[in-house]
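Straight from TrEMBL, the features:
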DOMAIN    1-187  domain 'N-acetyltransferase'
SITE      Gln56  site 'Crucial for catalytic activity'
BINDING   121-134, 157-166  acetyl-CoA binding site
REGION    192-217  region 'Disordered'
Amino acid sequence: MEFKFSVNELFKQPIVELNQNLIPPGFSGDRRALWDTVNKVSEVINAMGEASAKAQGLSKPITTADRLRNSEHRLYLLVDQQANSGKGAVTGMLKTGSKGLYVFDREGQHYQVSPPCVLDFYVHDTRQRTGLGKRLFEHMLQKEGIEPVKMAIDRPSEKLLGFLNKHYGLHSPVKQMNNYVVYDGFFPKASDNNQQQEIERDQSPSGTRVTKKDSANGLQSFSSAYGRYGAPRPPCSMGQVLLH
Ligand code: COA
């Protein structure tokens with residue numbers, strides 16, 4: 001996506017990370033320059049957000065400068081520095097952030113987690129299927145120190161499901177009621193849970209057994225071992241219906 005101003009002057013690297021202050025890395029200048037820069041960055045974000053929404057058939061963008069400003073999300077922009085006669089063009093956008101979610105595994109077991117999420121992902125229509133998405137996604141994984149299987153994906157399109165399958169071998173998504181998708185490796189393994197619970201049972205000085213399970217992705221799921229939620233129960237059939 002091209003702009004009337006020089007993208008290369010705004011963004012000095014091929015992939016830039018933005019947060020709520022909307023100031024690109026490497027910015028230097030006075031207040032007036034800052035104001036001008038933030039305005040241009042906002043224009044880029046809004047244009048890419050709109051294009052992404054259109055590509056996904058959404059009625060309104062999920063990524064805007066205002067929303068980024070009021071969040072703790074991270075936005076990665078991919079820049080083609082050679083495009084537009086050397087002025088540069090923005091070719092991709094990936095937004096991530098943590099969300100508090102209830103997720104169900106295939107057995108209907110529920111977890112309360114705050115995983116890192118893929119919230120929006122877009123490669124310019126003229127550049128899709130040329131490896132740019134992979135490049136941007138890999139950069140994000142490295143920066144955030146996370147594996148794709150440990151992330152929750154918000155409303156993934158068929159293209160994104162195909163992308164995750166092709167590049168990361170992720171298949172059979174576990175679809176959630178909240179429109180997020182996770183994969184089997186997202187959940188702690190049953191053996192991890194049992195082991196963790198055994199340790200906590202041994203260490204617990206009192207009878208209050210509220211277990212805190214560290215899941216494989218470093219996230220925590222909480223479940224009370226006593227009371228209403230602690231009683232053994234069959235797999236939740238509603239969960240199973242919705243997930244299969
Ligand atoms: N149809 C089906 N699969 C597609 C696809 C399409 N039009 N475009 C990309 N993919 C998947 C395929 O698995 C493809 O591999 P293939 O070409 O061998 O079939 C793979 O992604 C290509 O990888 P890569 O070139 O690195 O991805 P990309 O640059 O196309 O970026 C998306 C992937 C999803 C970001 C991009 O396709 C896009 O912006 N789509 C529109 C917006 C969207 O759906 N975003 C996700 C919303 S959550």
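The backbone N, Cα and C atoms fix where each Cβ goes, glycine too.
Feature map: annotations from TrEMBL on the structure.
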residue	record	contacts (Cβ under 8 Å, 6+ apart)
Gln56	site 'Crucial for catalytic activity'	Tyr122, Arg155, Ser157
Phe121	acetyl-CoA binding site	Ser52, Met93, Leu94, Lys95, Gly133, Leu136, Phe137, Leu160
His124	acetyl-CoA binding site	Met1, Ala51, Ala89, Val90, Thr91, Gly92
Arg127	acetyl-CoA binding site	Asp80, Thr91, Gly92
Thr130	acetyl-CoA binding site	none
Glu158	acetyl-CoA binding site	none
Leu161	acetyl-CoA binding site	Pro173, Val181
Leu164	acetyl-CoA binding site	Pro148, Ile153, Pro156, Leu170, Tyr183
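The 6 Å Cβ screen around ligand 1 retains Gln56, Gly133 from the recorded positions Gln56, Gly133, Leu161, Leu164, ordered by sequence position. Gly133 (acetyl-CoA binding site) has a Cβ environment of 22 other Cβ atoms inside 10 Å.
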